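The structure appears right after this line, and notes come after that.
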2 protein chains.
Amino acid sequence: MRVLGVDPGLTRCGVGVVEGVPGRPLTMLGVGVVRTPPDAELGDRLVAVEQGIEQWLDEHRPEFVAVERVFSQHNVRTVMGTAQASAVAMLCAARRGIPVALHTPSEVKAAVTGTGRADKAQVGAMVTRLLRLAAPPRPADAADALALAICHIWRAPAQNRLQQAVARSRPRQAVAPHTAHATKGRTT
Amino acid sequence: MRVLGVDPGLTRCGVGVVEGVPGRPLTMLGVGVVRTPPDAELGDRLVAVEQGIEQWLDEHRPEFVAVERVFSQHNVRTVMGTAQASAVAMLCAARRGIPVALHTPSEVKAAVTGTGRADKAQVGAMVTRLLRLAAPPRPADAADALALAICHIWRAPAQNRLQQAVARSRPRQAVAPHTAHATKGRTT
């Protein structure tokens with residue numbers, strides 16, 4: 001199973017690709033950060049994030065994309081940018097038909113360190129050990145992206161069984177936008 | 001000046017196109033709502049919003065896109081979806097090189113009703129009057145999208161002068177994603 005983990009952000013969007021199955025050693029295929037300049041227009045930054053994510057999808061062809069679930073109780077100033085960058089990552093994956101999974105920060109920490117309250121250093125240390133790296137990936141966003149991918153590989157079997165059960169009970173439909181139109185003089 | 005106003009949302013994304021200049025009667029060219037099913041996967045919903053916005057851009061070729069600025073102090077349950085839908089709208093516009101403007105709900109209400117604390121009914125009534133419609137656009141998201149477009153037409157001259165002044169002092173650069181890559185064994 002090949003997973004692209006995305007730690008969403010506008011200034012630094014962590015990306016990491018891990019391949020493996022539960023119970024076997026994991027392999028890191030790539031890690032990095034997509035950056036956009038804080039002083040650029042918001043729309044242009046979103047386009048740059050899209051281009052960066054597309055490059056990673058082109059290069060690594062992941063079967064799953066795991067994105068950190070954004071909560072609004074975080075820092076008010078940064079949460080909007082995080083939500084917007086995560087939307088772009090989910091959009092890029094879904095456009096290609098790649099399943100998108102969301103994992104909360106506590107789920108990711110618990111998966112790789114055994115505790116949902118681990119700090120950045122613990123997460124970085126465990127990612128380094130699990131992927132047999134020479135040193136912790138920098139910046140922390142890159143390590144977090146790898147942790148997301150690892151979390152998904154380990155949790156996916158249970159999640160997939162659940163999704164399959166849901167799919168059996170309710171056939172999934174393709175989503176097309178339903179647009180109501182009106183022209184001048186008429187109102188919908 | 002032709003403006004597409006977008007009242008972002010995942011379940012209902014209001015869209016409205018208005019043409020005009022400050023001080024002259026305005027013309028509505030179209031109004032509607034892009035809807036996505038609440039029980040669909042988030043990634044698929046974002047793709048559907050993207051397709052809907054693209055259709056509106058294709059059909060009406062606006063020169064500006066005005067999007068409601070999302071604040072995180074709103075309802076925690078809906079604010080993430082709103083931020084994500086607004087990201088998709090901004091992305092679609094910026095990809096085409098269409099300038100994106102953000103206006104707060106109070107700016108929009110103040111522009112069309114004279115007070116930043118107007119309710120939905122007042123906004124709907126003023127939009128109906130300003131665009132000489134037979135009845136207020138429904139649902140409220142559609143009326144809000146038209147109000148955003150009107151607000152942009154009336155406020156744009158001042159905003160554009162400001163943007164031009166900023167542009168003169170700091171040449172704007174195209175934003176390309178800066179991606180740090182690393183392969184297995186190396187860390188960035």
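Cβ coordinates come from backbone N, Cα and C, glycine included.
Features as listed in TrEMBL:
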type: ACT_SITE; residues: A:D7; note: active site
type: BINDING; residues: A:D7, A:D141; note: Mg(2+) 1 binding site
type: ACT_SITE; residues: A:E68; note: active site
type: BINDING; residues: A:E68; note: Mg(2+) 2 binding site
type: ACT_SITE; residues: A:D141; note: active site
type: REGION; residues: A:168-188; note: region 'Disordered'
For the recorded positions A:D7, A:E68, A:D141, the one whose C-beta sees the most other C-beta atoms within 10 angstroms: A:D7
A:D7 (active site) versus A:D141 (Mg(2+) 1 binding site) - Cα distance in angstrom: 6
Distance, A:D7 (active site) to A:E68 (active site) (CA atoms, angstrom): 6
DSSP state at A:D7 (active site), helix/strand/coil: strand
